[in-house]
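Here's the structure we're looking at; comments come further down.
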Amino acid sequence: MGTTQSSLNEENLQSTKIKNLNEIRFHVQDQEHVVKTEDIDPNTSLNFYLRNHLHLTGTKVMCREGGCGSCVVVLQNKDPVTQKKIFLAVNSCLVPILSCNGWKIYTVEGIGDPLVGYHPVQKVLANFNGTQCGFCSPGMVMNMYALYESGKLTMQDVENSFGGNICRCTGYRPILTAFKSLCKDANPELLGQYPDIEDLVVCQREKCEWECVEQSDKSDKVPTYTLFEDTSKWIKVHTLKDLLKTMQSYTKLTYRLVAGNTAQGVYQAYANPVDLYIDVTSIPELTLYEFKGDSLVLGANITLSNTIEVFQNIAKTYPNFSYLNQMADHIDLIANVPVRNRATLAGNLMIKHDHNEFPSDVFLLLETVGALLTVVSVDGTQTIQRPSDFIKNEMKLKILLKVILPEYSNLVKLVSYKIMPRAQNVHAIVNAGFLFQFHPSYVLDKATIVYGNINPAFIHASSTETILQGANLFDNHTLQTVYANLSHELEADVRPPDPSPLCRQQLAISLFYKAVLFLAPDHLLSPRHLSGGPVLQRPISKGTQDYESNKSLYPLTKPIPKLEALAQTSGQAEYIEDMPDLHNQLHGALVLAHAPPNSKIIRIDTKKALEMEGIVAFFSKADIPGDNNFTPLGLSYINAKEEIFCSGRVMYYEQPIGILVGYREDVVQYAINLIELIYDESNVEPMLSTRQILKSGRTDRVIHVRTVQPKRKGNDVQHVLKGTFDIYQQYHFHMELQCCNVIPTEDGLNVYPSSQWMDLTQVAIANMLKIPNNKINVTIRRCGGAFGAKITRNGLVACAAALASWKLRKPVKLSLPLKTNMAAIGKRFPLSTDYEVGVNNSGIIQYLNCRHYTDVGAQRNEDISNEVVNFFSASYVPDTFTIDVNKTITDTPTNTFARAPGTLEGLAAIESIIEHIAISLNVDPIELRLRNLRTDTPLAKYVNELRTWANVDTRKQEITDFNKENRWKKKGIAAVPMAYELAIGGPYAAMVSIFHGDGSVQISHGGVEIGQGINTKVTQVCAYKLGIPMEKVSVVPSSSFVAANSTQTGSSITSEAVCYGTIQACDQLLARIKPVRDRLGNPTWEQLIQKCFEEFIDLTARGQYSPNEPNVQTYQVYGVCAAEVLLDVLTGQYLVTRVDLIEDTGESMSPEIDIGQVEGAFVMGMGYYTTEQIVYNYEGKLLTNNTWTYHPPGARDIPINFNVKFPKNNPNPVGVLKSKATGEPAVCLAVAVPLAIRHAVASARADAGTSDLWYPIDGPTTVENVFLNCLNDHTHYTL
């Protein structure tokens, strides 16, 4: 990219014969849209245009990086070679609107709706219960739509194609099941789950009137230009000649070649403005491929998806290019399908060129196979370079033109690896490429060894390559020489949040050994080593859902989809950010303190930001007329005031200091970077974790809560074990980010927050503005996910938006970008535990002394201490436990409730201790648990039921045999029980109204639909109680007026609570109408209601759930889960091969809803324990703050075989309609996964020669954590 500034003038434009383009044309659905270029700028994305200009808000926006999938739309085009129609899923957030000239685009609204009928993809996702909060559903639908319309597809295609679509709610199983039912190889059992599958109408796209057009200027292919107000220019070229000529005409400008535009998803600097944008997507010379002599020549601008297809086809036909299959498989691991559909070879290589630290898989593969790159200068001069030279050379005014691949005989073998933190859509921990050129024997003519992500300068293991020349690769002495040399040659740098240098160095060595095992003839290998060569292969996932329903109670207990499901899968469901802009609409952005904790703010300089056109105002703590606090005292769980905006001392890095507002969201987000914070930095070291506090002796940061004394101590202490247990923060990863829309009224504010707690929002805003509560009206239809993050934390966002709206008397929308959301908002409470346990020879606990520390962050709100203690003691006999409970204050955002707060942590801590005992004493873990279980619960019954149902004992023996026979692959299994005491609270209100016109019923309640199916359950209960069809019942948005003073939606209890209130209201209504019914005999429902109306009977009633109501009491939810894993010892990667989970749900009101809650909760817990790692730098700045660095589970990370069972004939005598809550308990059972991994690792550690088989839980059991704890030593890397 050039760097010298100069002006854009008409003279240059005339001299290069470029046609002015003042509008672009493209089709959305079947309607042509004409966009005046004066209304956009070069960085206007397709997503922004769809949502803000066309108001097609079914297409969502979240990460703006191409990493979440919520923005996916489908491009219909023609293949430039075959001219056949193709359907490509693309990330609309990364597509410049100026690239869309001549395109046809489909959004979720355009493929099906209530008026024309729903598309099969929309239908199956709804009918298979593949939606919960629904925010990810449109992106899921459109990604599948592209697959579906592209022709026959297989279940494997489906499972491999959703790496770029994140769903936090469902756990993916129902989504994959739904879409696999549309595949040509779908099994009958899968089809049988949806009895109406044959009724799906397939859209015949060939009948559509619109035919795919090319660019509107296709007749002459003359380059086109567009000038913008900021003097930047967009030029579209169609030939290489015009591209070179254009660049030659503007040699002094900063410029960017625009193709896939996906680089800005990794490095946001690529989104910064430049003088000249050149669209190169339609240059045939850059996208075609051909054979020249013995080489395959690819246009460098070919997309990664097309590259995969080309490589696979050529490998089938040309034996000397069979190695392209390996390259195709490796490229398939880059990013995700929508990104690969737009990203190009040249684009990927240019990222590597500009950022040598980028672990480019394209670069690695091309360098490994000896590919050459053709680079052309603007004067037409061509040079041929190796990739390793290319990334060092100046590329200003040059173009990457061709990629040249050589052919190889069958004596040349390519092996490559990409070791990742999760299965898909993430960059490599280490990637490696090995090309071995053999003699007809095992002796090497040449070896090429390339590694990525070692350090920015490292490419080849050059000295190791020299050692191998002329050496026998399959010789143990040669191998040990290689390992020793690599240990010196591989100097990995420190680069948080990436794994440690030790991990990356040792993993690189291990991968060389793995490649040797893969290539070596079987007869040269030890039988125990044979399985070490192949990488883990994931089969198609499956699962069973075992439950009962009572038809006599229908619609209660009937397994039905969510009522909102079709609205979600068709993009009709409205979320906060989808609400239309109003006249004088303003958008806000939080301004954060980029300063270390304990810094003192001197001044906030907003001058430059406020001078920008369209920026209206900045507000800070000085502008708050009332209380600078978003956690009002007097509400449950609130113990301390928390500042809306920093009042002077920075409590944590990136604490909010104010809100900037303006007329365009993108302008406001840009302008906040112009605000300068002047501060005095503290000389006090930030305390970022409990362990740091304890090590530093900072007792002032430790608050003692209480000590639980034992009732007795055993007298048969034969073994004493000491240990630690540490789990850290988890980001909630709700797909709808924290947001709020505030609209001023004549006497107050209408507030639309994405919140789980209307009452807190109302009180906090009123206190902040010093106005009565009754001036604040809060309405919530739904949240796009929450998981506890929106109980109190949304109060900050709502208060900030309300302040701006109140001050300016204009509507204000505030939505946090992902990085802001992750940095400024608290996360799950970390827990650190130190323990000493004495046991007898059978493993029965004689005493247990433990000290718990809960990290609350900067403030002490939302105390989980009691939950930690209760769940630590819930499953096993606690009489001998001494439990000391403490809180620690750290310089991080105040932590907050996350799914199963305190309960997950307490249960995980005791289960870790139990597993430590079992492994250390070599006692069967299940038998050990049975010996220590409490006798006043049915847990033993459930454990034994699991053993039988899941065939656990037989599988354990098979695992033992497998581990004896395999050194480098290991299996592990673990089973954990759960006794989950459901907390009760309140109040929760519900109001039921019956309309006399047709007898239909409307409900409003004090809960919030966050994906848990609350409205579906309420509807089922109401219809059951009133004896009417569900179609007669609807649920309207929750309101602070209708359900005044209702408490937070959380603790799993809200669905049952509002059903209780609904039952109360229905009982009142039934009592009122009973005399009329009795008098009329047998009237229809409609006749009955009309008559009641005529007799002035009140047809509205209100009920309430609270601890003071009759028959409201706490109860236990019991569960047990077995998890099995398969581990690759040489990489640290693993597959969760099977999960069997039994959860006591009572008599489920809505079994499919409850199944979804259990599965989704479990997978969220899996993520917490395996892939989701929060990393701060030494100042407290969050480093894992986007989809590139923070990794919730993806579709290929879930259990391969996922079986869930609800016990039958198991009514809950104290539950609402005999049911039990399901939202949170199953997340606790996910601790079985890291414990199963530890069993697999224990076998590897034993083989490594250590007697210390246990290693403690210390954060997530990541690939790095597993790999290092396997204690691999390269002296063991033998044939």
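Positions of Cβ are set from backbone N, Cα and C atoms, glycine also.
In TrEMBL this protein carries:
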DOMAIN    22-111  domain '2Fe-2S ferredoxin-type'
BINDING   Cys63, Cys68, Cys71, Cys93  [2Fe-2S] cluster 1 binding site
BINDING   Cys133, Cys136, Cys167, Cys169  [2Fe-2S] cluster 2 binding site
DOMAIN    227-410  domain 'FAD-binding PCMH-type'
BINDING   Leu400, Lys418  FAD binding site
BINDING   Gln756, Phe787, Arg899  Mo-molybdopterin binding site
ACT_SITE  Glu1224  active site, proton acceptor
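Looking only at Cα atoms, Cys167 ([2Fe-2S] cluster 2 binding site) sits nearest to Cys71 among the recorded positions Cys71, Cys93, Leu400, Gln756, Glu1224.
Among the residues Gln756, Phe787, Arg899 said to bind Mo-molybdopterin, no two Cα atoms are farther apart than 13 Å. The recorded positions shown are Cys169, Leu400, Lys418, Gln756, Glu1224; of these, the one with its CA atom nearest the CA of Cys93 ([2Fe-2S] cluster 1 binding site) is Cys169. Nearest to Cys68 ([2Fe-2S] cluster 1 binding site) in space, judged by Cα atoms and limited to the binding-site residues Cys133, Cys136, Lys418, Gln756, Phe787, is Cys136. Just so you know, the Cβ of Cys63 ([2Fe-2S] cluster 1 binding site) picks up 22 other Cβ atoms within 10 Å once every protein chain is counted. Listed in chain order, the residues near the [2Fe-2S] cluster 1 site other than Cys63, Cys68, Cys71, Cys93 are Asn47, Lys60, Val61, Met62, Arg64, Glu65, Gly66, Gly67, Gly69, Ser70, Asn91, Gly139, Thr1187, each with its Cβ within 8 Å of the site Cβ centroid. Looking at Cys136 ([2Fe-2S] cluster 2 binding site) and Lys418 (FAD binding site), their Cα atoms lie 27 Å from each other.
Only Cys169, Glu1224, from the recorded positions Cys63, Cys71, Cys169, Leu400, Glu1224, place their Cα within 10 Å of the Cα belonging to Phe787 (Mo-molybdopterin binding site). In the predicted model, the domain 'FAD-binding PCMH-type' (227-410) shows an average pLDDT of 94.
Ranking the binding-site residues Cys71, Gln756, Arg899 by Cα distance from Cys169 ([2Fe-2S] cluster 2 binding site) puts Arg899 first.
A distance of 16 Å separates the Cα atom of Cys133 ([2Fe-2S] cluster 2 binding site) from that of Cys71 ([2Fe-2S] cluster 1 binding site). Rounded to a whole number, the C-alpha distance linking Cys71 ([2Fe-2S] cluster 1 binding site) with Gln756 (Mo-molybdopterin binding site) is 25 angstrom. Same-chain neighbours of the [2Fe-2S] cluster 2 site beyond Cys133, Cys136, Cys167, Cys169, judged by a C-beta within 8 angstroms of the site's C-beta center, are, in sequence order, Thr131, Gln132, Gly134, Phe135, Ser137, Ile166, Arg168, Thr170, Met735, Gly784, Gly785, Gly1011, Gly1160. Nearest in space to Lys418 (FAD binding site), taking C-alpha to C-alpha distance over the binding-site residues Cys63, Gln756, Arg899, is Cys63. For Arg899 (Mo-molybdopterin binding site), the recorded positions whose C-alpha atoms fall inside a 10 Å radius of its own C-alpha are Glu1224, out of Cys63, Leu400, Glu1224. Cys63 ([2Fe-2S] cluster 1 binding site) is 30 Å away from Leu400 (FAD binding site) when you measure Cα to Cα.
Summarising the environment of Cys136 ([2Fe-2S] cluster 2 binding site), the number of other Cβ atoms within 10 Å of its Cβ, over all protein chains shown, is 29.
In this structure the alpha carbons, written CA, of Cys63 ([2Fe-2S] cluster 1 binding site) and Glu1224 (active site, proton acceptor) are 26 Å apart. Across the structure, Glu1224 (active site, proton acceptor) and Gln756 (Mo-molybdopterin binding site) are spaced 15 Å apart at their Cα atoms.
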